[in-house]
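**Student:** One structure follows; several queries about it will come next.
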Amino acid sequence: MASCGIGSCAFAGGQISSLKPHTNQLLGVGAGVHGEARVTMRKATTKKLTASASTSPWYGPDRVLYLGPFSGEPPSYLTGEFPGDYGWDTAGLSADPENFAKNRELEVIHCRWAMLGALGCVFPELLARNGVKFGEAVWFKAGAQIFSEGGLDYLGNPSLVHAQSILAIWACQVILMGAVEGYRIAGGPLGEVTDPIYPGGSFDPLGLAEDPEAFAELKVKEIKNGRLAMFSMFGFFVQAIVTGKGPIENLADHLADPVNNNAWAYATNFVPGK
């Protein structure tokens, strides 16, 4: 569902100098403190895209806007230099450059988690409906298995990961994800600070960022698919609360009886707690 996932554009770009300033320019003078370096990098987001990206219909002043020819003039601070900029900001959230840089990073990271999450919600349930055995395939019920007597077997196989302690799982998540996030934000083993959104290097094993034009397009695909995935996850949350079923089962019910299984029918008959 995401044409640009975690292993591709998600962490690519560490070596593409044509699309981002040199590391020393991003760091400014005091790169010794990670926090100061990161703030300096955020201020560096006012750098313009090079010609390779500006020729794309997704970048620059002539880019595609959110309502096409009926969009009107976008705000002056939305110049089309970043992927996913369709010239829409009615709340003025991007008016401050530093807030804009921070929100851009937050959006991209949430997009990546949403793409992984949406896949994780749908795929196990889809496999279970096609004969693959799972302890519990529905995404919002699966985690509770760790509190059962038998614990939680990843992919239904006890020889892979047999989890029995929620504290151990929590500790592993903190350590492993903390290490990855630390690398993404503060750089590699030598301490070189890279772009925290597209760190490249070890995060781009397929070398997808080597072509600047293709990389610029992958960034757009990532943000578009990621925004769709965030809406999908919101829909999955609502479905779980209202119907108590997973997304695949809800889809099957709707296709079997679209008149009685749709958003309007559930909204008009929904009673919280029942």
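Glycine too: its Cβ is placed from the backbone N, Cα and C atoms.
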**Student:** In Swiss-Prot, the residues W88, S94, R227 are said to bind chlorophyll a 1. Which of E73, E107, E213 is said to bind at that same site?
**Tutor:** E107
**Student:** By a Cβ-Cβ criterion of under 8 Å, what residues six or more beyond either terminus of the transmembrane segment (228-248) are in contact with it?
**Tutor:** 1-2, 110-111, 114-115, 117-118, 121-122, 125-126, 129, 137-140, 266-267, 270
**Student:** Between the two most separated Cα atoms in W88, S94, E107, R227, the residues recorded as binding chlorophyll a 1, what distance in Å do you get?
**Tutor:** 17
**Student:** Going by a 10 angstroms cut-off between Cβ atoms, which of the binding-site residues E107, E222 has the sparsest surroundings?
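**Tutor:** Each of the binding-site residues E107, E222 was scored by Cβ atoms within 10 Å; lowest is E107.
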**Student:** Out of R112, Q145, V161, E222, which of these binding-site residues is nearest W88 (chlorophyll a 1 binding site) by C-alpha distance?
**Tutor:** E222
**Student:** Using a 10 angstroms cut-off on Cβ to Cβ distances, just flag whichever of S94, Q145, S165 is the loneliest among these binding-site residues.
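**Tutor:** Fewest other Cβ atoms within 10 Å, among the binding-site residues S94, Q145, S165, is found for S165.
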